[in-house]
Amino acid sequence: MELVAGCYEQVLFGFAVHPESEACGDHEQWTLVADFTHHAHTASLSAVAVNSRFVVTGSKDETIHIYDMKKKIEHGALVHHSGTITCLKFYGNRHLISGAEDGLICIWDAKKWECLKSIKAHKGQVTFLSIHPSGKLALSVGTDKTLRTWNLVEGRSAFIKNIKQNAHIVEWSPRGEQYVVIIQNKIDIYQLDTASISGTITNEKRISSVKFLSESVLAVAGDEEVIRFFDCDSLVCLCEFKAHENRVKDMFSFEIPEQHVIVTASSDGFIKMWKLEQDKKVPPSLLCEVNTKARLTCLGVWLDNVPDTKESFPPAAEPSPVSKEQSKIGKKEPGDTVHKEEKQSKPNTKKRSLAGDSKKATKESGLVSTKKRKMVEMLEKKRKKKKKKIMQ
């Protein structure tokens with residue numbers, strides 16, 4: 001098990017987790033051991049995603065970096081988006097979906113690392129996306145004040161729902177029977193079968209991260225030191241506890257035998273692991289913590305010994321209840337168009353160790369490196385400025 005966290009300082013941290021079998025009194029104590037720090041990006045990290053083999057990171061430098069956690073090497077980089085990578089989500093071992101400020105959602109083959117589909121998803125930026133547990137649907141929100149549903153079986157848009165303000169988080173529940181849409185400090189809870197809001201929860205401060213701990217219990221973190229657990233049915237706060245000394249930026253929840261754990265990362269530089277109680281009215285107990293001395297932005301947990309049964313999205317040939325689910329969510333709007341598949345892209349597959357040592361590249365693709373592209377952009381800007389001066 002390994003914690004991975006990105007920060008404003010452009011570094012990816014890795015910490016090996018050692019669960020202790022012996023309890024210290026009434027308090028179980030785990031230990032975190034620094035495993036690596038990797039400085040591959042040229043700007044702050046904005047998103048992290050993990051599957052059973054890889055960790056991927058997105059950044060303001062417009063690239064996605066891939067790390068092979070089994071071999072502990074950098075596997076390559078994906079250069080397709082223009083603008084900050086805002087969200088990354090794996091579905092099983094075969095697919096990765098990315099969203100960015102350019103309004104694109106890209107579906108990647110996580111074996112060959114090819115771009116299978118590139119969709120102009122939002123008129124503004126894509127701010128967040130979430131994949132349904134079945135792998136047949138995805139939801140995305142953007143700065144165009146829309147909530148969009150995607151048919152992943154056919155790789156096309158299902159429908160668009162206009163919302164009053166820009167939402168910045170959307171999340172499916174574990175069984176996919178409901179989902180939440182976050183706007184500032186407000187959580188709207190939608191039911192899949194009725195497509196309507198069943199309730200609204202208001203947090204004290206702007207929300208930065210939410211995680212479903214069960215089908216009805218939601219952990220909420222925001223621009224404050226406190227984390228709250230809410231019941232999505234009764235809309236009441238079950239408990240709250242002070243987790244950090246500064247705002248909580250991201251959370252991750254996972255289950256291992258006899259343990260349900262939530263991990264938190266904060267602007268105070270700390271990553272903390274908490275043991276959840278069965279009764280969510282009882283605040284969790286601290287298992288371990290580590291101070292990275294960096295301003296953390298995103299978080300993931302790589303579980304090396306947990307088999308991932310979700311291999312890929314369901315094939316289009318299989319009969320699927322997607323159309324039934326779509327009709328329940330809402331109506332397809334006239335302006336909703338299917339976008340043609342764009343040219344596939346292959347990543348830069350140069351491999352380096354996570355410690356930063358260069359290794360001989362096993363493959364080489366025609367992708368332009370980030371530094372070269374930045375240089376070209378700078379030269380182009382200078383040329384335009386000179387042209388303006390001449391014209392004046």
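Keep in mind that glycine also has a Cβ here, set from the backbone N, Cα and C atoms.
As given in TrEMBL:
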REPEAT    38-70  repeat 'WD'
REPEAT    78-118  repeat 'WD'
REPEAT    119-160  repeat 'WD'
REPEAT    257-284  repeat 'WD'
REGION    310-392  region 'Disordered'
COMPBIAS  325-345  compositional bias 'Basic and acidic residues'
COMPBIAS  381-392  compositional bias 'Basic residues'
Tally the residues of the repeat 'WD' (38-70) by DSSP class, grouping H, G and I as helix, E and B as strand, and everything else as coil.
0 helix, 18 strand, 15 coil
DSSP says what for the repeat 'WD' (78-118): how many helix, strand, coil residues?
0 helix, 25 strand, 16 coil
